[in-house]
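Annotation source TrEMBL lists transmembrane segment at 7-28, 72-93, 105-130, 136-157.
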Amino acid sequence: MRSKLTPLLPAIAFLGVFLVLDLAYLWAKNNGLKPLLIDTVTVQPSAHLLNLLLETKVAAEGHLLVAEGVRISVLNGCDGIEAMLMLAAAILVARRAWAVKAAGIAAGVILIWSINQLRVAALFASYIHAPDWFESIHGLIGPVVVVGAAALFFLWWSRDGAWRSNPA
């Protein structure tokens, strides 16, 4: 006899894994990882991208993107890590071989990081060229695009036939 909870087990497992990953991330971030994730992995590549896209010279100064009197602070939540952790948690609880899970997480993290770089660049560009759009891009459009990309990647990754493998 199946329990009434049986259909909920994957969702419960996802929430548990996500909680553990997020707590581990918070601990690591508060114990020295924050400058690496924000300054090095997020802000510096965003400055390079913006310099390719804009005529304005953009510099990375710690957690700041700076150009011609404009300073945008890139803080917690701007690094896309939460979307990466949600995707990783979903993949980890899926019934796939561990190698397939590892490949899915690696590809998903690269995808989400790339989309997040575009989001940060769009935020900075909007602040300069379309300030009326900044809050909408910051608070709604950007997060929906990043989390939506993670969800769509998971749906693609988890479909039958994708990454063909027997569960381990």
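Cβ coordinates are placed from backbone N, Cα and C, and glycine is handled just like the others.
Nobody curates TrEMBL annotations by hand; they come from automatic prediction.
At the 8 Å Cβ threshold, with sequence separation of at least 6, the transmembrane segment (136-157) comes into contact with the transmembrane segment (72-93) through 3 or more pairs. For the transmembrane segment (7-28), the residues of the chain that approach it from at least six positions outside its boundaries are 81-82, 85-86, 88-90, 92-93, judged by C-beta separation under 8 angstroms.
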